[in-house]
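Taken from TrEMBL, the feature region 'Domain I, interacts with DnaA modulators' applies to 1-93. Marked as domain 'AAA+ ATPase' by TrEMBL: 160-290. As annotated by TrEMBL, ATP binding site applies to 171, 173, 174, 175. The feature region 'Domain IV, binds dsDNA' is assigned by TrEMBL to 349-468. Annotated domain 'Chromosomal replication initiator DnaA C-terminal' per TrEMBL: 376-445, in sequence order.
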Ligand SMILES: Nc1ncnc2c1ncn2[C@@H]1O[C@H](COP(=O)(O)OP(=O)(O)OP(=O)(O)O)[C@@H](O)[C@H]1O
């Protein structure tokens with residue numbers, strides 16, 4: 001392969017993976033040879049090779065293909081005495097590179113890494129996705145608190161809450177917000193040393209440092225940052241020595257008043273296998289959760305992404321009502337929502353048709369089927385009990401007090417509306433009540449809804465919560 005071809009491939013890769021990722025991970029690669037459809041590259045370290053192989057191998061293969069180089073597989077291996085590369089684009093200064101590189105210039109009160117070669121330094125922060133900024137984050141009721149807290153951290157200033165703990169279900173924007181914080185801090189203060197990585201990478205690095213007898217460098221590097229961000233911290237639950245190391249790193253940074261941002265799929269106290277003392281330290285800061293999306297937020301996100309795609313696929317039209325239909329039907333998570341829209345635009349552009357309701361239903365049949373969530377009566381009872389702050393047992397118990405009886409009727413009404421169960425079936429789940437009692441409960445709520453706006457609001461909220 002000629003230098004010219006590789007130059008062309010480089011350009012394509014920058015477009016595909018973003019400049020930050022390119023500079024951090026791909027630019028240090030050295031092309032070695034191409035034999036029998038296998039392109040081989042030298043990498044500075046095993047970790048680098050592993051990361052590139054997992055995250056960018058397919059992109060590299062595709063770009064090679066596009067440049068006319070037929071490649072079936074791409075391989076990466078560490079080569080002793082690998083020549084150092086000249087940076088391809090000096091103007092870009094991504095946070096991912098900056099964090100450790102700037103560590104060398106850390107104030108004297110902070111322990112700087114003993115020996116951190118530039119390649120090792122580059123590896124200290126996981127790549128940031130250039131698209132995950134505050135500008136591209138759509139704010140709605142379910143995520144407004146998390147967004148506000150993330151913004152506050154990103155604005156810098158005195159550390160008021162430490163750590164910021166963001167939690168929520170799959171694909172609700174935790175990683176997006178963390179990357180946005182890193183981008184914003186870097187934009188405001190290019191010298192800030194930000195270290196972002198997943199808990200899995202933290203463990204991987206820790207184990208590697210133990211193996212290579214580099215534990216002091218590891219400790220020093222982690223303790224020398226201004227902002228540490230660890231994504232998906234639930235991963236270290238049950239992993240004793242990693243937790244121990246994490247605990248010490250955490251304490252050292254808090255003592256130095258350095259900002260820590262953590263994300264997880266649940267609240268600290270609910271992570272099984274997480275040491276008590278870690279859970280309690282994590283609870284010392286601000287804990288905010290990203291709630292499941294509601295219809296308005298999903299529609300907002302779809303509109304934003306559709307605007308982006310309209311720019312990419314010029315002339316492609318989208319019929320009125322399609323985005324509303326998707327926001328209504330796909331309520332699982334934002335990643336699925338985005339995937340659906342991407343597929344829809346790609347498909348419509350391929351067949352050269354407008355994105356109509358019919359096309360959406362055809363093209364997204366599998367996603368729409370999977371998203372048809374079935375709400376259960378037990379779930380309804382649980383959510384309603386939580387909402388009205390009564391015991392779950394009272395849903396099926398005999399109490400007739402209004403404070404219990406009304407929520408029970410709300411649950412009966414929702415069970416009738418949201419499940420295909422018959423009145424006798426519902427009655428059985430409500431402590432063996434007769435179907436006429438259920439019918440009475442449902443009617444009572446229907447009546448009250450038109451006069452009691454608080455009840456109508458409660459019902460709307462519960463309905464959304466259950467359908468989301
Ligand atoms: N409010 C939002 N506005 C715009 N895009 C969003 C929003 N929330 C999520 N997304 C997008 O949804 C996708 C998934 O988000 P992200 O990776 O941040 O989720 P996560 O909460 O970290 O999920 P996981 O638990 O799987 O790690 C990303 O492409 C992100 O940009």
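Positions of Cβ are set from backbone N, Cα and C atoms, glycine also.
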* To do: Determine the minimum-neighbour residue: among 171, 173, listed as binding-site residues, which Cβ has the fewest other Cβ atoms within 10 angstroms?
  => 171
* Excluding 171, 173, 174, 175 themselves, which residues in that chain have a Cβ inside 8 Å of the centre of the Cβ atoms defining the ATP site? -> 168, 170, 172, 176, 177, 263, 290, 334, 335
* What residue among the binding-site residues 174, 175 has the most other CB atoms lying within 10 A of its CB? -> 174
* DSSP-derived helix, strand and coil totals, residue by residue, for the region 'Domain IV, binds dsDNA' (349-468) -> 89 helix, 1 strand, 30 coil
* Structure fact -> Over the region 'Domain I, interacts with DnaA modulators' (1-93) the mean pLDDT stands at 75
